[in-house]
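In Swiss-Prot this protein carries:
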type	residues	note
SIGNAL	1-41	signal peptide
BINDING	ASP182, ASP225	Ca(2+) binding site
ACT_SITE	ARG278	active site
Amino acid sequence: MNNSRMSSVSTQKTTGRSALGTKSALAAIIATTMMVSVASAASLQTTKATEAASTGWATQSGGTTGGAKASSSKIYAVKSISEFKAALNGTDSSPKIIQVTGAIDISGGKAYTSFDDQKARSQISIPSNTTIIGIGNKGKFTNGSLVVKGVSNVILRNLYIETPVDVAPHYEEGDGWNAEWDAVVIDSTDHVWVDHVTISDGSLTDDKYTTKNGEKYVQHDGSLDIKRGSDYVTVSNSRFELHDKTILIGHSDNNGSQDAGKLRVTFHNNLFDRVGERTPRVRFGSVHAYNNVYVGDVNHKAYRYQYSFGIGTSGSLLSESNAFTIDNMKKISGRDKECSVVKAFNGKIFSDKGSIINGASYNLNGCGFGFSAYSAKIPYKYSAQTITTSLANSISSNAGYGKL
């Protein structure tokens, strides 16, 4: 067996005499054959697959190593949804490295027919102690979600993930059409590193939406959700593009009993390109965002820029040396137009150090939102470089999949 590929192994059960030579015996074999999908071990194609998170909240409390300790029998190369599922092996939490060597259609090429069908087939659960890494620029996922739920120690690297399209959005009177399904979900999970990942609406951008009941027929939800007490997460060197409501940290104002003291997330060296809002919006959590680049346009026909940092109930955010390039900014509530990069949703704690807006320094701490300064100690080592246009260009060119 070629150990660089996934395979299906037929386990045959026979009784009595040999099946050879008689049609009846052959029929008996076929009737009792069980097709079992198993994953074949593969060689390690990149040493990057064994790296651990090196900075940010994902380094704390034991760190995030994913499948770095995988035995040779738990290293896989996959390029189809059947191979991917076989490598994941359900809830198996033994360390594993899954190298994605092709574009994986999570639907298996079979269109979803209803909400229930999409729920059953599109949500792919990732077990503990797993690294999923794309090889070169080949690692892609479409038509589904990677769900990291109720587990620990997961790494997603060098992947392109197209945000799923809800085939059956629900309509709410007064709120219009609302979609389910996020590209990546981190739910009730600790220690996750997302690095060099691109998440995009891809083939169905929002300007292609149709209209139903006189309302825009919205079919996208979020790019990344981090919720229900998840903790110790780093998102780095990634690219979020062509999306509206992008990253949500903390899903409800009423979930403080589970979220308070958790939802600690670091964003660094990421590019947010033509996204509308929520980069991120945070409730209860503590977010550190440094050396990120935000590019938007208030007049964009599909992804109208609204804000970058949304400070929600009991949420806090420290911004350091970020670069915002936002076209057609406007004053909001009498404040300088630069203040529109931050929005207060009942949150009280926000500070910025050294960020630039459209190439110039600006004091975001003086916008008059009534925020208290972010005073919590950052426990990990990091280097927030002084942001310049040159550095912003470098961060942008290095962000996303295919750049590892």
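Cβ coordinates come from backbone N, Cα and C, glycine included.
Geometry remark: ASP225 (Ca(2+) binding site) versus ARG278 (active site), CA distance 10 Å.
Counting other Cβ atoms within 10 Å of each Cβ, the lowest count among the binding-site residues ASP182, ASP225 belongs to ASP225. DSSP gives ASP225 (Ca(2+) binding site) a strand state. Here ARG278 (active site) is positioned 14 angstrom away from ASP182 (Ca(2+) binding site), judged by their C-alpha atoms.
The Cβ neighbour count for ARG278 (active site), using a 10 Å radius over every protein chain in view, is 27. Reduced to three states, the DSSP call for the residue listed as 'active site' is coil.
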